Amino acid sequence: MLALGIEGTAHTLGIGIVSEKKVLANVFDTLTTEKGGIHPKEAAEHHARLMKPLLKKALEKAGISMDDIDVIAFSQGPGLGPALRVVATAARALAIRYNKPIVGVNHCIAHVEITKMFGIKDPVGLYVSGGNTQVLALEGGRYRVFGETLDIGIGNAIDVFARELGLGFPGGPKLEKLAEKGKNYIDLPYAVKGMDLSFSGLLTEAIRKYRSGKFRVEDLAYSFQETAFAALVEVTERALAHTEKKEVVLVGGVAANNRLREMLKIMAEDRGVKFFVPPYDLCRDNGAMIAYTGLRMYKAGISFPLEKTIVKQKFRTDEVEITW
């Protein structure tokens, strides 16, 4: 059984084709801007322009045609409204033209679900990206959000700070390299509130200290990462303690950061739980995770009538009943 998935919640358009155990194609194109940030209209235009060539590329890579696809899945939300609507329109058009069932997928859930292709059973997930920062796990038939950012996503915080330092966009990899040269920890605000996190105070103070000219930029980069990542690891560990689950996964674009991986791995080893990070192309926003989650949903008897394929910009993770 094969599923085609279309991802387009933000600045990346991704199209993936998967079977139950294998990724046959996973292609994407990311809108980049000189100043950074994403304008929803520009993202929508980017997705509309590249939808057809990317679909062709995915089918060619998988060595199949649309006739071979069993179900079409698309990212229903959360995300940027105009971008989501382009994706949903394309998915509906394909479903109608080729007479295929269609499934809307929650983007955040898909990030965790794709780890199950690699034998992960029931993890606590730390999902870290530009716009999202969540600790989630399956409890009572739904993905419960145990902790999340109260203001900005960790990826956005990193990008804004990197931009302030003149590193350009995306800033994550460049900030990480700079942080590796840092030697002295500089005190920065650490904000964990219950199980939730806040990064705005950390970002504001890091920028203030940088502008003061009194601190080495390498030390500031190092301290920024250490402070933010320690908070992420703390709330993830609390969720593990609460749920008593034996697996923890790291997903989302910021999962590329080696220091965050290292800190989570140490915590997991201390607790005696399995730690897993998918290959990076399945960590970042991608169509394969949408296809895989959609396939699992479809196999459990879920498909959407067209009138239920409306996009949800603020699609909460715990809205979805997990029956697959």
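Including glycine, each Cβ sits where the backbone N, Cα and C put it.
Binding of substrate is annotated in Swiss-Prot for Y127, V128, S129, G130, G131, G172, E176, N257; the matching candidate from D159, D196, D270 at the same site is D159. In Swiss-Prot, the Fe cation site is described by H107, H111, Y127, and among D281, D285 the residue recorded at this site is D285. Within 10 Å of the C-beta atom of H107 (Fe cation binding site) sit 27 other C-beta atoms, taking all shown protein chains into account.
Of all Cβ atoms in the shown protein chains, 24 besides its own fall within 10 Å of the Cβ of S129 (substrate binding site).
In this structure, G172 (substrate binding site) is part of a helix by DSSP. Counting only residues at least six positions away in the same chain, the Cβ atoms of C108, H111, V112, T133, Q134, V135, L136, V251, G252 sit under 8 Å from the Cβ of Y127 (Fe cation binding site).
Listed in sequence order, A10, G79, G153, G155, N156 are the same-chain residues at least 6 apart in sequence whose CB falls under 8 Å from the CB of G131 (substrate binding site). For D285 (Fe cation binding site) paired with S129 (substrate binding site), the C-alpha to C-alpha distance reads 9 Å.
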